[in-house]
Amino acid sequence: SFILLKSPKTYSSVCILQLFLVSMAFVYFAKAFGGAYMKSSITQIERRFDIPSSLIGVIDGSFEMGNLLVVAFVSYFGAKLHRPRLIGMGVLIMATGCFLTALPHFFQGPYKYETSMSHSTGSNDSVRILPCLSKHNVTDTDETPDHEALKACEKAAGSSMWIYVFLGNMLRGIGETPIMPLGVSYLDDFSAPENTAFYLSCIHTVGILGPMVGFMLGSFLAKVYVDVGFVDLEAITITHKDSRWVGAWWLGFIITGIVMLMSSIPFWFFPKSLPKQRSKEEEETNTELDTVAEQENFIPEQEPNHEEQEKDVSLVELAKDFIPSLKRLFSSSIYSMLILTYLVAVNGFIGMITFKPKYMEQVFGQAASRAIFFIGALNLPAVALGIITGGFLLKHFKWGSVGAARMAIAATCGSFCLLFCQIFIYCDNAEVAGLTVSYQGVPQVSYNKETLVSQCNMGCSCSLKHWDPVCAHNGVTYASPCLAGCQSTTGTSKNMVFNNCTCVGETMTPAVNMSTVLGQCPRDSNCDSSFKIYMALSVIGSFISAVGGTPGYIVLLRSIAPDLKSLALGMQTLIVRTLGGIPPPIYFGALIDQTCLKWGTKQCGGRGACRLYDSNAFRMRFMGLVLGLYFLSNSLWGVLYFKIVKREKKLALRNQAKEEKEEANGAANRATNGHATICVAECPEDKNRESTI
């Protein structure tokens, strides 16, 4: 294939365009693979670096920050330069960003999870001690180290290593910039007009396999311990279902970096331009008038010396035309309304997809790996099917701008209705003594440090900072063995059992015995049924929403002039990713942080990642914000549809008047001495050159 690309004159342009289509599909797969894996690793990164959801939102938004730095220049100047090679260069930068993201793992020491049990030196092996520390006091266990000790501890623990993840994700954003605007415009410029929608559907359908594989890889690695190969896994006392567990997040970024390196290779061998494909009607008629009509509506084929003329254009001349081109672009009210509509919709989508695994964990009690698996195995295939269905319907029915807009509106309204139903599907809060229920088993609406202390554990003088949950046989979870009032232990590692727990006997539904086991209690059986209903609604909604994706994109492409296509797509990427990609993870994360009931404690002291949320407050705030954004987006689509219909009516009347005028002129010419005038040129300066028959 590389030999073929090096000698484009020997082979047909159709074959080269098809190879470019395959390469674009592969690079879409690679970039979506990396982006989806980043989303699936959000929880693992949050736990590994002990940071809140608002800060993880900043890290996630750094991808769009990278886009913001270069997207306007790449989209405008890139359209005048060698587009395929710019795409290849961008993918190399993305691969570098993936490797940089994985780098902190090799600089940090072994992960030491938060526990009320002490760690032996250099490993996670727990020392067996009595949980109820009757000879210690609260001030001893909760005291804060001095400033010098804290500084030394933070340096040893590598608490600022998340900056590497931030910078690596930003590099991914910079490298991803040229792929969409330059790749799509390259395809649209040199393909037949009726094939554009189908080509885009093929690219996005193959591209959607990337998120599927990314989420599946994230699900698998979430079950693999972060320091696998470096520590004794038998000594680890937590499982992948625990909120303190950290999977091998770093390994996935190395894999995605290798895939991106492979996908960049073909783009270095494609030509700068190709002859434009003819439509079926042009091939059948093959008349000169059809060629003129083609040149009026689409980009003309390049002459042999066109590329040489294009090389002579300096960057200074291109820069002078930048501001006028922007004015022309945003003078279109339909384009501006489309950007606003996409902006609102992307805010809701990015916020939802970033924290959807956490939502499934907290509201339905699913493990992080299982939540990621369901998104990759159910939601994303539905999205792929929806995208290809939307492209097929457009190609089959040959809908124009109005038909595509009508289809997009129907899809967004249908998905909104299903999303609205999801807010009523939920599970009750997990029963955690002192947090969601009292030690007597009564639900409580307020929480403070005093609620964690009861008569049953008053004599233990437990630390109130640690989160080391244990589960009693009555289904109630306790924040630590000490707070459960446990007096003795048996067993080792994950099989450790805490006996004679005085607080277990105080509940309204006493347990069969007074023992507890490591880990948080699972939700009741009714929660599984609710989760199945939620997933069914989510999958159907994902399919319906994706059906409207390609039609919406076609509306965007058909609302701009051909020479502004690359700039329009680039500005859409700039605006939507700047205001729709950076803020949502931050304000969604800050909103979610407000629902936290129990914060973890960092290795060096201070507040770490959240261990337990109020699931009811989480659901209402999270879903309420998503629904509000999608409702506004649907309203804007309605306004946009009426604008498109109005424009199409004006164009139809204008064309009808033009045809009537041409018919009248033709009849008048035939009536005068049997002569007719034929205009043979389209340029204004050539309109006076006529020949008579």
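Placed from the backbone N, Cα and C atoms, the Cβ positions cover glycine too.
What TrEMBL lists as transmembrane segment is 12-34 (among others).
As annotated by TrEMBL, transmembrane segment applies to 54-79 (among others).
Marked as transmembrane segment by TrEMBL: 86-107 (among others). Sequence-distant contacts of the transmembrane segment (86-107), counting only residues of its own chain at least 6 positions beyond either end whose CB sits under 8 Å from a CB of the stretch, comprise 27, 30-31, 34, 38, 74, 78, 158, 161-162, 164-165, 167-179, 182-183, 226, 249-251, 253-254, 256-258, 260-261, 263-268.
The transmembrane segment annotation in TrEMBL covers 197-226 (among others).
Listed by sequence, the residues of this chain that lie at least six past the ends of the transmembrane segment (247-270) yet keep a Cβ under 8 A from its Cβ atoms are 1-2, 5-6, 16, 19-20, 23, 26-27, 29-31, 33-34, 37, 40-41, 44-45, 48, 84-85, 87-89, 91-92, 94-99, 101-102, 104-106, 168, 214, 217-218, 221-226, 228, 240, 368-369. Positions annotated as transmembrane segment by TrEMBL: 247-270 (among others).
According to TrEMBL, the region 'Disordered' annotation covers 280-310.
The compositional bias 'Acidic residues' feature in TrEMBL is assigned to 282-293.
Annotation source TrEMBL lists transmembrane segment at 334-355 (among others). Residues 39, 42, 53, 57, 60, 412, 552, 555-556, 559-560, 568, 571-572, 575-577, 579-581, 583-585, 587-589, 592, 622, 625-626, 629-630, 632-633, 636-637, 639-640, 643-644, 647 of the same chain lie 6+ residues outside the transmembrane segment (334-355) yet bring a C-beta within less than 8 angstroms of a C-beta in it.
Note on the transmembrane segment (367-393): residues 36, 40, 43-44, 197-198, 200-202, 204-205, 208-209, 211-216, 218-220, 222-223, 240-241, 245, 247, 356-358, 360-361, 399, 407, 411, 535, 538-540, 542-551 of its chain, located 6 or more positions outside it, place their CB under 8 angstroms from a CB of the stretch. According to TrEMBL, the transmembrane segment annotation covers 367-393 (among others).
As annotated by TrEMBL, transmembrane segment applies to 405-427 (among others).
Per-class residue totals from DSSP over the domain 'Kazal-like' (450-505), listed helix then strand then coil: 13 helix, 11 strand, 32 coil. According to TrEMBL, the feature domain 'Kazal-like' maps to 450-505.
Beyond the transmembrane segment (533-556), the same-chain residues lying 6 or more positions past its ends with a Cβ under 8 Å from any Cβ of the stretch are 196-197, 200-201, 204, 335, 338, 342, 364, 374, 378-380, 382-387, 389-391, 393-394, 399, 401, 403-405, 407-412, 414-415, 418-419, 421-422, 425-426, 568-569, 572, 644. The annotation transmembrane segment is assigned in TrEMBL to 533-556 (among others).
Here the transmembrane segment (622-642) has long-range neighbours at 334, 337-338, 340-341, 344-345, 347-348, 351-352, 355, 359, 402, 405-406, 408-409, 412-413, 415-416, 419-420, 422-423, 588, 591-592, meaning same-chain residues at least 6 beyond its ends whose C-beta is under 8 angstroms from one of its own. Sequence annotations record features per position, and here TrEMBL assigns transmembrane segment to 622-642 (among others).
When pLDDT values are averaged over the coiled coil (647-674), the model yields 76. If you look up TrEMBL, you'll see 647-674 marked as coiled coil.
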